[in-house]
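Here is the structure we will look at.
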Amino acid sequence: MEEWISQMQGFINTPEKLRRIINPTPEELKAINTLDTRWGTTPYFAALMDPDDPCCPVRRQIIPSLKELENTYGIKNYLMFHENRTVDPERPDCIARQYQDRVAFTVTDTCASYCRHCFRREVVVDQRLKLRFDLDQGIKWIKKNKEIKDVLVTGGDPFLLSDQLLGDLITQLRQIDHVRMIRFGTRTIINLPQRITQDLMEILGDFHRVPIWINTQCNHPKEITDKTARAVFDLLRCGVNVGNQAVLLKGINDDVDTFRELHQKLVYTRIRPYYLFYCEAAPGIDHFRTGVEKGSQLIRDGLQGHTTGLARPTYVIATNIGKIPLMGNDYMIEKTEKEYRLRNYLGEETILPNIPDEQ
C-alpha cells in the first residue's frame, strides 16, 4: 500500500486518536463533541502540532473551536454569494466562474486536513451546502464554453483522487482545444507530501501544449519540512511549478517575524509566494480575521527591503466580483508636475524628476 493511502486510512479525526499525539484541552474536546462539523488531518501533519500548546499555529488550523459558533461579521450563505451561484442556472454545481476566460472546477469535497479557516466550509467542512460534483458534466460544460482557457481544478483537494481519475481528468481537459492551462489547488504538498509519488509524477510530467501548474497553501513556517521540500523538488523535476497562496490568519502569521520567516522559507524550498489572501467573510471564522490593512503592513514592514522580491506575494481579497488587490502605495510620498518624492523601507527619502503624462 502506498504511504499516502496509509496516511489517509490513519486519519486523525476522533478524540481517541488525537490523544495519541497531543494533550487536548477541555475546550478543544468540548468543541469537537459539540460542533456538527468535519475535522481532522493526516498523522504526518498532526505530528507537527505542539502537544502541549493550544495556541500552536498548526493546531489552531486543525482542531475545532467553539468560536466557530460566533458569526458577527461573516456572510450567511457565503459560498453562494462568493461564487455567484445564482447567476447562471445552466452552470453545473462543480463549476464556479468569476472571470471570462477561467473557471474553478470542483472535483471532490474531501481534504487531507479540514482547515478551520476554510472559506468553502459550507461545502467542505460543515457540509450545509449540498453540491453535485459531476466530473463528466463539468467537462461537457467546459467544452461548450469555448472562451475558457484556464481551468483551476479544486475541491476539497483534487490530489486525493486516485491516479486513474486524475490521469483521466487531465487527459480529457487537454483534449479540449480551447483549454490552454490546467491548475491544481492542493494542500497535500503541505499536509500529505507522500502523495507526490513516482506514478503521480508520470501523470503530471508528460510534456504537452497544456501545462500544469500547482498552488498550495502554507500559512506558517512550521508546516514546511524536509518532506515538503522533496515533494516540491520532485514536482519541479517533472516540469510542474509550485506557488503558494497563504491566508492571513490572526495569531498564526500576522506578526512581522513569522510572516518574514514563512515567505523566506517558501522561497528556500522552491515554492514561489503567489498570493496572500485576506481571510474571507465566511461564517464562523471571525476569530481568524485581522483588519484589512494588516496584510499590506506585513509586506511593507516584513518583506520590502528585508528579503528578496521573489518572497513577496500579491495581497488580495477574493470577492464575488473577483480578486481585489489590497496593496497601498506606501512609498510614493508626494508627486508634482516636476518631481516625485519616494521613501524606502528604512524611511530614507529621495527625489526623482517626473515626466508628465502625454495628453
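Numbers here mean position along the shown chain, with the first residue as 1.
Using the three backbone atoms N, Cα and C, a Cβ is placed for every residue, glycine included.
Note that this is a predicted model, so its numbers are computed, not measured.
These come from TrEMBL:
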| type | residues | note |
| --- | --- | --- |
| BINDING | Cys111, Cys115, Cys118 | [4Fe-4S] cluster binding site |
| DOMAIN | 97-311 | domain 'Radical SAM core' |
| MOD_RES | Lys323 | N6-(pyridoxal phosphate)lysine |
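Under the DSSP three-state reduction, Lys323 (N6-(pyridoxal phosphate)lysine) is assigned to strand. All protein chains shown were included, and the count of other CB atoms within 10 Å of the CB of Cys111 ([4Fe-4S] cluster binding site) stands at 24. Here the Cα atom of Cys115 ([4Fe-4S] cluster binding site) is found 21 Å from that of Lys323 (N6-(pyridoxal phosphate)lysine). A straight line from the CA of Cys111 ([4Fe-4S] cluster binding site) to the CA of the residue listed as 'N6-(pyridoxal phosphate)lysine' spans 24 Å.
Comparing the residue listed as 'N6-(pyridoxal phosphate)lysine' with Cys118 ([4Fe-4S] cluster binding site), their Cα atoms are 17 Å apart once rounded.
For the domain 'Radical SAM core' (97-311), the model gives a mean pLDDT of 95. Of all Cβ atoms in the shown protein chains, 23 besides its own fall within 10 Å of the Cβ of Cys118 ([4Fe-4S] cluster binding site). Classification of Cys115 ([4Fe-4S] cluster binding site) by DSSP places it in coil, neither helical nor stranded.
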